[in-house]
């Protein structure tokens with residue numbers, strides 16, 4: 001275990017190369033009247049799950065669009081952060097200021113040089129602006145802005161003294177209708193911007209000290225928006241210029257919304273207002289309102305529900321270990337009975353009779369070793385990611401930081417996966433070798449296995465040798481994941497979405513895989529094969545024992561389906577919030593709760609597999625290897641089915657590509673969950689079986 005712990009630490013070391021952004025470390029101080037930059041991010045939709053850049057729609061564009069550099073996590077999330085033409089200065093309020101006018105019926109020509117026209121056409125801007133806006137509104141696209149690294153959010157009350165934030169604001173709203181063409185679209189062309197600030201005292205310079213001047217700076221701690229739809233008078237906006245005051249237009253026309261279905265508007269005027277509000281929230285705590293839980297009782301209910309499952313299973317395990325196993329072992333050893341003798345066989349029944357077959361290597365032992373190693377790699381990545389997130393080392397202010405941490409951690413955990421895969425593969429081959437040597441059979445020649453403390457030849461009876469198992473460990477999970485990801489990326493690219501990962505990022509992922517993960521897997525495998533193999537506590541007979549007729553309740557398929565319910569029941573409540581965070585773009589940062597749920601999940605998987613394995617052994621069925629893996633791993637099936645239910649009840653996915661994206665990524669998540677839970681169940685059961693048979697005296 002010390003070796004495994006050391007490998008976990010080594011796997012986490014690459015995170016030192018990831019620049020941490022801790023809340024409260026690098027605040028930006030603003031002086032009065034200092035410009036405050038408002039940047040625009042991607043357009044998102046729950047219906048389509050296809051993000052687009054902000055200027056994919058014919059919004060007002062600045063003279064020159066500057067694009068902020070994105071890390072690999074932001075690229076994978078489809079973020080496109082660009083400059084805007086909004087003019088905001090610290091503590092300077094604006095009642096109503098025009099931004100620009102955009103033609104609705106003609107093509108949304110930018111009016112700039114040819115390069116900008118080309119960029120507009122490539123972004124889908126070659127269609128009339130009216131149709132583009134109507135399509136975005138009916139597909140429920142949201143606009144995402146950023147000020148001082150804070151996302152724009154709409155506030156909505158959830159009680160008299162509590163509220164929550166929704167990320168971004170909708171492009172517009174549509175009336176109810178059975179079909180998209182029956183809906184009336186209204187465009188949000190005015191945004192009320194509320195910026196909250198916290199004043200601080202800064203250290204004055206020497207010259208300021210001479211005159212007794214104290215300087216005061218301001219930090220932005222909140223960014224709220226309230227969109228509105230306003231139908232401006234056509235005769236008054238025809239010749240209006242940008243950055244002009246439009247307060248009189250609002251008073252003249254009131255709050256009549258801009259109906260895009262009427263078709264009489266030739267152009268639309270975009271405007272905004274800016275209001276500043278002093279806040280007691282300090283800069284280090286400015287993310288707290290965004291991450292505020294709607295109701296913590298739901299999460300506590302999830303924890304209590306999961307703990308009840310663990311207590312129930314723990315009671316079963318305690319009953320098995322204390323009242324049955326320890327009693328049987330004590331009586332068995334005290335009476336001096338030996339199962340190999342006729343008296344022992346007549347006296348004893350159940351799990352003790354299969355001692356000579358319980359460690360017989362299963363079919364597909366090499367694949368089982370690879371699956372367990374891959375699951376352990378995913379488990380290590382998950383535990384460390386959730387732990388450092390719960391400690392606040394991965395800040396929500398660093399967009400894409402969580403994805404970067406997961407990728408680097410997964411690659412770093414390859415060393416642990418290679419080590420475990422090699423140890424298990426060598427253990428299975430050693431069991432075959434010991435069985436052949438004990439029965440006078442001559443093994444084939446390959447170096448590297450120890451028998452009775454001395455190095456002997458390996459017997460490679462499986463389909464994979466040492467190198468093949470190491471390579472399978474390196475490519476089993478990431479290979480299938482990358483294949484699904486690449487196919488989905490082709491469909492997203494065909495939709496001209498910003499979510500399409502560019503070729504350079506794909507190359508970066510491949511370099512991270514083959515340049516870091518694969519070498520670490522090979523390093524761990526080399527260490528594992530050099531270690532002495534685990535020694536079975538009992539010998540294996542040459543001829544397999546006949547398995548008696550089994551009751552239908554012990555059927556493998558039924559046991560796996562029933563066993564998978566328990567781990568799923570421990571996480572399904574928290575799974576709802578995670579799915580909402582992924583697919584409905586909601587804020588989620590409850591990693592403290594998530595760490596508790598993860599710990600409960602590990603305990604549940606271990607106890608479930610142990611309980612079902614004991615039932616099989618008492619039925620004199622020694623085919624427990626794969627069943628211990630599947631008993632807890634089948635919970636991934638329920639995760640997938642729950643995701644299907646979530647899609648039909650919570651999401652309104654329209655079109656083939658959105659459905660493909662959802663179920664493609666759901667397959668990856670379920671696949672990872674299958675390997676993780678299966679590995680936990682198998683390793684716990686292996687330790688349990690070795691412990692109980694090591695306690696029995698067998699000749």
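From the backbone N, Cα and C atoms, a Cβ is placed for every residue, glycine too.
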Next item on the list: Give the range, chosen from 530-556, 557-583, that TrEMBL lists as transmembrane segment.
Entry: 557-583
Check: For which of the residue intervals 107-127, 128-148, 149-169 does TrEMBL record region 'Disordered'?
Finding: 107-127
Next item on the list: Taking the transmembrane segment (629-648) as the first stretch and the transmembrane segment (474-494) as the second, find out whether 3 or more Cβ pairs fall under 8 Å, excluding pairs closer than 6 in sequence.
Entry: no
Next item on the list: Take a look at 367-394, 557-583, 589-617, 668-693 and tell me which one has the most Cβ pairs under 8 Å to the transmembrane segment (474-494).
Entry: 668-693
Note to self: If we skip the immediate neighbours and take only residues 6+ beyond the ends of the transmembrane segment (367-394), which ones have a Cβ under 8 Å from one of its Cβ atoms?
What the structure shows: 8, 11-12, 15, 20, 22-23, 401-402, 405-406, 409-410, 413-414, 416-418, 420-421, 424-425, 428, 464, 469, 472-473, 476-477, 589, 591-592, 594-595, 598, 602, 625-626, 629, 672, 674-680, 682-683
Note to self: At a C-beta cut-off of under 8 Å, are there same-chain residues at least 6 beyond the transmembrane segment (668-693) that contact it? List them, or none.
What the structure shows: 325, 329, 351, 355, 358-359, 368, 371-376, 378-379, 382, 477, 480-481, 484-485, 534, 536-538, 567, 601-602, 605-610, 613-614, 617, 624-625, 628-637, 639-640, 643
